[in-house]
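Below is one structure, written out as structure tokens; comments come after it.
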């Protein structure tokens, strides 16, 4: 009985009538939602991440990396789109997992979102620092470095520009407390940003050289890179100089650039026709973002040989390579303005929102609700978050934070795909029912109904009811959990077992067995009755697309470094300690 009560607590679902609501007072059309999604997705990453990935991870195959990352985000976007019409409340992945698969998974999702948003805030700080340095020709860093390097340790001198930017963020966030009417300015800057990036794409096709996608060892020798000790890090030439492994690692890094479209589902109450405009906004914004990234990466690798891209360089520097200095300054100014607008949107706002929702649901301490309801609480939260960002300067590099941000988001996307797989096969949930009463008082009814339905092997593949029942819902829940485990094992084998490429029969046998099990369990889910509730949008090809989304997400997570997994593990241990000591 104790274990049963514990299990019920872990899977307790959020009552729909008690969902937290917030509004900004702005009415958004579909075009506004597309602008919001594109503006938040095509953010600071496009200006410095492409150079980093092309120089030491993927080379010209950077365009394929963006394709893989874009398809991964599109699969997740379809799942978000269904939930936006199924649960028409703002709240994103945290709310969707809470109303679908229960409290424990909601806490994991929310805890990961906090980690992701904290990392995102520091990434914006890094981008602002780069923008300041580029705009003033590195004079800020050089002047401050020369003036204080004799009085303080070298580490502080090297990172003083970060602290300078953190103070700017602090005053911006204080100003945010009374800010209104910023959305139209955001739309204008989004349009300007797209026009400038389109200019970058057109310039690439004008000044680009297709030979840069077919580099050979002779090109390295002519460029003075004929030392064998340096040729190894440059790859082997051609379109994929770093091989298939570099392509996968680059895809995991590029995934960060597609993070941001989920902000659309937090605007359900502001949208004019949410059941139509939210799905369209998600899909259209992701398509636009993919086309922009694909074009920019193609222009970059066509204009500049990938081995000439310096780690830490930014997108505008490609115009210096071809001698277009005025274009360089135009792109730098737009980059600076974009980072300013992106930061002015308030990088602590999403953190405070998630913490407030979790505190309202008593998964975190109730006193934390004051960070949204009280001005003093907001200011204290801002001071704490900015202090944490300053501390993170000492322990994490920009690539570490990019991986952490991507890792947390991949976890959230996988859980949303899992939720879609679960909720489509569950019996209809009455909106007015109370979850606690259902668990405590309705347990006997459910038990009697399950006694009437006996699970048999024939019933797994040929269910007797055309509509979902509690038994078929539990079958799908168990099978989906088993599939998540099998897909994780398959990704682990594919990522870390080199014997597959050499034709070793051992690893190949393991992969074949896993694929057979995955196929069989997927067949069981496919045969179960689906909910017939009419919705304006549903994920097509169920259960294949959600399973494909989970597989791709886990595959990208397997490309992360061991240090990233360790940091994520420490963060989750802290979260579980908090949940099982208080939240539960």
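For all residues, glycine too, the Cβ spot is worked out from N, Cα and C.
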To which of the residue ranges 215-237, 376-398 does TrEMBL assign the term transmembrane segment? 376-398
Checking 327-355, 443-471 against TrEMBL, the stretch recorded as transmembrane segment is 327-355
Considering only Cβ pairs within less than 8 angstroms, which of the stretches 62-83, 95-115, 185-206, 539-558, 564-582 has the most against the transmembrane segment (280-307)? 62-83
Would you mind splitting the domain 'Cationic amino acid transporter C-terminal' (537-584) into helix, strand and coil residue counts from DSSP? 37 helix, 0 strand, 11 coil
Remote residues contacting the transmembrane segment (475-496) - C-beta distance under 8 A, at least 6 residues beyond either end: 101, 248, 414, 418, 421-422, 425-426, 455, 460, 507, 510-511, 514-515, 517-518, 521-522, 524-525, 528, 543, 547, 550-551, 554-555, 557-559
